[in-house]
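Student: Please read through the structure below; I'll follow up with questions.
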Amino acid sequence: MSKKPVMLMILDGFGISPNKEGNAVAAANKPNYDRLFNKYPHTELQASGLEVGLPEGQMGNSEVGHLNIGAGRIIYQELTRITKEIKEGTFFTNKALVKAMDEAKENNTSLHLMGLLSNGGVHSHIDHLKGLLELAKKKGLQKVYVHAFMDGRDVAPSSGKDFIVELENAMKEIGVGEIATISGRYYAMDRDNRWERVELAYNAMALGEGEKASSAVEAIEKSYHDNKTDEFVLPTVIEEDGHPVARIKDGDSVIFFNFRPDRAREITRAIVDPEFKGFERKQLHVNFVCMTQYDKTLECVDVAYRPESYTNTLGEYVASKGLNQLRIAETEKYAHVTFFFNGGVEQPNTNEDRALIASPKVATYDLKPEMSAYEVTDELINRLDQDKYDMIILNFANPDMVGHTGVQEAAVKAIEAVDECLGKVADKVLEKEGTLFITADHGNAEVMIDYSTGKPMTAHTSDPVPFLWVSKDAEGKSLKDGGKLADIAPTMLTVMGLEVPSEMTGTCLLNK
């Protein structure tokens, strides 16, 4: 007998905006989505701000979205947690941070603060860097150096200069700190083993090699002059009198203030991992602190904020009922449907199968907007025909990853490719008498231009996301309004005929 699978399809970066201008979601020809939208119950969910455990007004992101969906409750994000501790003062007694600074003071070595310089709040926040500078000042440190990774992706593409000026003003006001290097996140924050990029960022920080400039402002202005926006700033060493302001040396303390792990792992391994094989380099022996736990297998680092653990996430609970589940995505979003969806747990649940489809190797995804959506779909259809799975979690990366390029025509093509796949998947699920829920983790592709400047917009948005209930049982029924991402899991469990565990504080969205 065929199983009646319950599937959640996450259209990554597919938000809802009433504004049609620069809206790739509205501009795309998506007959399958429209057909399902018109026939089946649907509502909108909040995917940003307080509803997902972020500060008010803060745009959502993929990690936060998948954590909230998988947990079935609002998960207070590291961003909110750390900001709160800075305000309350407990940040300044954090054991790992204090220890790194005390060691630098005792050994008369340097303190290096590295991370993404913006207020994007996806990977880092400039306020956390300011908090570290204040702590360094309190500790009486003088040799404090910032290695700034330029953003231009979670914030406007050329906003980096403003963040450099803001940082320089803060350092002047606090009375400590100098910028030693700047690197675009394309180099310093790769997550696809493109070691030739990471090596350039490493060489700037550890060897003082790379582009040269006499100030960070000069470096970024030159980059703009060369038509390279923040994300793509070549790793640049700031010099004084022909010598690097600072480089990371043995015995120094290093604090990496990014709180999101996925794009922090590679450069961290390059600096500290004795088994590192990405490129030839001399291993540094430093006191290294990760703001959060980037990787359990990294044993040679301290962690300032260890993960909070969550029991009875959707995957764990479904597994405890003896049911089979599948997680499927291409490389760019594989960690999201596995690690993040499971509440930051790497280990698969019992009877949880995983299918990883390789993302295409292209410089930027506007060059291949369909990415690997067709391959993901083929694999998924094969798996559905095995009649093995009770629950399937699927992610299509395209609207987000192509949305990040700022190229609207490509984002439209990305959504059209996904719509084609969505149609095939929906037909197959309905053929199996299953249920398909369609949603997104946050917005992106529905706003491809910055309305204030008319320039391309590459960042996420705070827009709501769709939630569709596609099933023979759903016809003629309705969903509640006013929901959030944390309400998806309780809704899915209800459809699966399972009791919602008490840890899930989200609400079932089915109107009785």
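Just so you know, glycine gets a Cβ as well, placed from its N, Cα and C.
Sharing the record's features from Swiss-Prot:
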ACT_SITE  S62  active site, phosphoserine intermediate
BINDING   D12, S62, D441, H442  Mn(2+) 2 binding site
BINDING   H123, R153, D154, R185, R191, R260, P261, D262, R263, K333  substrate binding site
BINDING   D400, H404, H460  Mn(2+) 1 binding site
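Can you tell me where each of these features sits in the structure?
Tutor: Taking Cβ-Cβ distances under 8 Å and a sequence separation of 6 or more, the neighbours of S62 (active site, phosphoserine intermediate) in its chain are D12, G13, K333, H336, F340, D400, D441, H442.
Using a 10 Å Cβ-Cβ cutoff, D12 (Mn(2+) 2 binding site) registers 26 neighbours.
Within the same chain, residues at least six positions away from D154 (substrate binding site) with a Cβ under 8 Å of its Cβ are M59, N61, L116, S118, G120, G121, V122, H123, A459, H460.
Just so you know, the Cβ of H404 (Mn(2+) 1 binding site) picks up 22 other Cβ atoms within 10 Å once every protein chain is counted.
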Student: Work out the three-state DSSP category of R263 (substrate binding site).
Tutor: coil
Student: Provide the three-state secondary structure of H460 (Mn(2+) 1 binding site) computed with DSSP.
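Tutor: Its secondary structure by DSSP: coil.
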Student: Could you give the Cα-Cα distance between H404 (Mn(2+) 1 binding site) and R263 (substrate binding site), in whole Å?
Tutor: 15
Student: Is it possible to get the count of other C-beta atoms within 10 angstroms of the C-beta of D400 (Mn(2+) 1 binding site)?
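Tutor: Taking every protein chain into account, the count is 31.
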Student: Give me the non-local Cβ neighbours of R263 (substrate binding site): same chain, 6+ apart in sequence, Cβ-Cβ under 8 Å, ordered along the sequence.
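Tutor: Long-range Cβ contacts: H123, R185, M189, D190, R191.
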Student: Quick one: what's DSSP say for D12 (Mn(2+) 2 binding site), helix, strand or coil?
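Tutor: The three-state answer is coil.
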Student: Pick from H123, R191, H442, H460: which of these binding-site residues has the biggest number of other Cβ atoms within 10 Å of its Cβ?
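Tutor: It comes out as H460.
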